[in-house]
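What follows is a set of notes on a single structure, which appears directly below.
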Amino acid sequence: MSSPNLVHADEAKGRDIEKDIDGSGEKSGEKINHEVISAASSDKDLLASGMQLVDPALNAKMHIVNNAIDEIGWTPYHWKLFVLNGFGYGVDSGILLLQSIIATQAAAEFNPSFTRGLTIAVYVGMFVGALFWGYTADVIGRRFCFNTSLFISSIFAILAGASPNWPVLGLFICLSAFGAGGNLILDTTVFLEYLPSQKQWLLTLLAAWWGVGQFVAGLFAWVFLPNYSCTPAVETCTYANNKGWRYEMYTCGGLVLVMSILRITVIRLHETPKFLLGQGKDEQVVDILSNI
């Protein structure tokens, strides 16, 4: 358990941040450093689950930010995040499903020796993307990776629709999944870092968007594939008579591209306070908490 000194420091700092948010207090960026470091240095019981903390001052500041987020509660900005991150979650689901939707018709056109290649490509892309973007988000920030990963996924999904052969299609599917894999982990991370503790059950509700993504991908497939696809049993499948799967990729990729642009131009995600805190940017943390 934390010592009385640290608890007292947390409560005092929570009041300071609340003053900033109300506009009735002065900037507390410098005060955060002074008071928290002082409290942390005098505390003798900064052990969590038997493990010594690497940076006691940072841990104390994190408690203060968590308290501030709890005091702010649920806001319109959180609703935006729920929709923004939820759509991204749906995109990740749709990208996984797209390769299975188009595989049969694409294989009928390209006649590959290994027809399961797209399944391998999409999961390799998701795996590598999750590792790459997860690490990168800890280094350069959540916001950049959050926006970029979805944009990359959309561009390569569109390009996949123009693939001239099976290997190129597999490459573009893999690269689209590379972006989606990063977006998958960042959707939940960004949402969780903004959630008040009493609202963290909404992270589970975010999973409902997974079904929305597959529904949209399936709906477009229902429109395009029956009407613009060849029948391998009675005719030779060519580019000219087998465009349904390409229309599927163009449409889904275009929808994701539009949303990735809206993320940057309309909704405008803020960098998460906890990442900024880890970078020592205390005044920016106060500004963001004031904005939300």
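Heads up, the Cβ atoms here are built off N, Cα and C, so glycines get one too.
Taken straight from TrEMBL:
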type     : residues : note
REGION   : 1-28     : region 'Disordered'
COMPBIAS : 8-28     : compositional bias 'Basic and acidic residues'
DOMAIN   : 78-292   : domain 'Major facilitator superfamily (MFS) profile'
TRANSMEM : 87-108   : transmembrane segment
TRANSMEM : 120-137  : transmembrane segment
TRANSMEM : 144-162  : transmembrane segment
TRANSMEM : 168-195  : transmembrane segment
TRANSMEM : 202-225  : transmembrane segment
TRANSMEM : 245-266  : transmembrane segment
Stretch of maximal Cβ-Cβ contact with the transmembrane segment (168-195) [cut-off: under 8 Å; candidates 87-108, 144-162, 245-266]: 144-162
Chain residues outside the transmembrane segment (120-137) and at least six past its termini with a C-beta under 8 angstroms from it: 92, 95-96, 99, 145-146, 149, 170-171, 173-186, 189, 275
Mean of pLDDT values spanning the domain 'Major facilitator superfamily (MFS) profile' (78-292): 89
Stretch among 87-108, 144-162, 245-266 sharing the most Cβ pairs under 8 Å with the transmembrane segment (202-225): 87-108
